[in-house]
Amino acid sequence: MLSTIEMKRQNQSSVAEFILLGFSDFPELQEQLFGVFLVVYLVTLLGNVIIIVIISLEQSLHVPMYLFLQNLSVVDVSFSAVIIAVIMPEMLVVLSTEKTSISFISCFAQMYFILFFGGTECFLLGAMAYDRFAAICHPLNYPMIMNKRVFMKLLIMSWALGFMLGTVQASWVFSFPFCGPNEINHISCETPAVLELACADTFLFEIYAFTGTILIVMVPFVLILLSYIRILFAILKMPSATGRQKAFSTCASHLTSVTLFYGTANMTYLQPKSGYSPETKKLMSLSYSLLTPLLNPLIYSLRNSEMKKALMKLWRRKVDSHPF
């Protein structure tokens with residue numbers, strides 16, 4: 001028993017760092033991708049910060065629907081900040097060269113924050129769907145259904161479950177021995193890509209990962225779809241065309257975000273050793289880590305009249321307080 005543990009320690013210590021391959025198969029695209037990713041992350045940061053500020057300053061938006069949206073933007077801002085501080089330097093080196101080395105600690109940090117913020121976003125999107133279901137299907141009882149206590153429970157649960165997911169899964173993956181090769185054929189240290197390098201039996205973890213994906217990703221996704229089926233029937237029964245249009249607008253924004261995020265996350269994590277090619281996995285990873293945080297501010301602000309009114313109100317207030 002002791003010799004087995006010692007062998008694992010020796011094997012694990014034989015790999016001192018990982019190598020991220022990134023898009024090394026397409027060297028002609030390195031410079032273009034470098035610039036595109038940098039711009040996208042900065043625009044994502046700016047857009048979500050604007051939403052956070054608008055909702056914080058406008059009292060009329062201090063209702064569950066917009067407070068959930070504010071927390072969603074906090075997740076996206078945190079994800080972007082982590083990407084810029086932890087993932088971006090490595091990714092930019094990967095994109096500007098053929099490959100780059102990354103330490104165990106940095107790789108663990110990447111995986112932890114991807115899981116933490118990704119899991120939190122899953123639960124927040126589910127909570128937002130429940131909020132829309134209560135508001136549209138039970139408008140008279142909505143203040144009691146979604147009271148402050150329920151709202152805070154849903155919010156705290158979303159962040160706590162995301163924290164637990166990141167802690168448990170990242171710690172478990174990095175408890176495996178890694179004896180080589182050490183090349184991660186991905187743009188960052190995501191679980192499926194790192195797991196392929198473990199020189200140990202990962203069957204139990206794969207069962208956990210599959211079950212966890214069903215519970216954390218698929219179950220909320222199915223519940224969201226069921227909620228929107230009920231919402232659709234409720235909207236169609238509305239006598240007012242204006243009411244139907246407003247309800248469709250708020251729901252379409254949320255459903256767009258759900259489809260973007262859950263669709264690509266399911267394809268990436270439902271089967272850690274899936275049949276997708278490495279390049280396809282990289283593009284799917286970019287879809288939910290890049291596109292969803294980038295598009296969320298546009299989806300929720302451009303399609304929402306209350307957000308646009310609040311933005312114009314704050315702009316006029318700023319202009320009035322600082323006349324030219």
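Don't overthink the numbers, they just go from 1 along the chain as shown.
The backbone N, Cα and C atoms fix where each Cβ goes, glycine too.
TrEMBL labels come from automatic prediction, so no person has curated them.
Here TrEMBL flags 33-55 (among others) as transmembrane segment.
As annotated by TrEMBL, domain 'G-protein coupled receptors family 1 profile' applies to 47-300.
Residues annotated as transmembrane segment in TrEMBL: 67-88 (among others).
If you look up TrEMBL, you'll see 108-130 (among others) marked as transmembrane segment. Here the transmembrane segment (108-130) has Cβ contacts under 8 Å with residues 65, 68-69, 71-72, 75-76, 78-79, 82, 86-87, 90, 102, 154-155, 157-159, 161-163, 165-167, 169-170, 173-174, 188-191, 194, 216-217, 220, 223-224, 227-228, 254, 257-258, 261-262, 265, 288-289, 292 of the same chain, all six or more residues outside its ends.
Non-local neighbours of the transmembrane segment (150-174) in the same chain are 64, 67-68, 71, 104, 107-108, 111-124, 126-127, 130, 191, 194-195, 198, 205, 208-209, 212, 216; each lies 6+ residues outside the stretch with a CB under 8 Å from one of its CB atoms. What TrEMBL lists as transmembrane segment is 150-174 (among others).
Among the features that TrEMBL reports, transmembrane segment is placed at 207-235 (among others).
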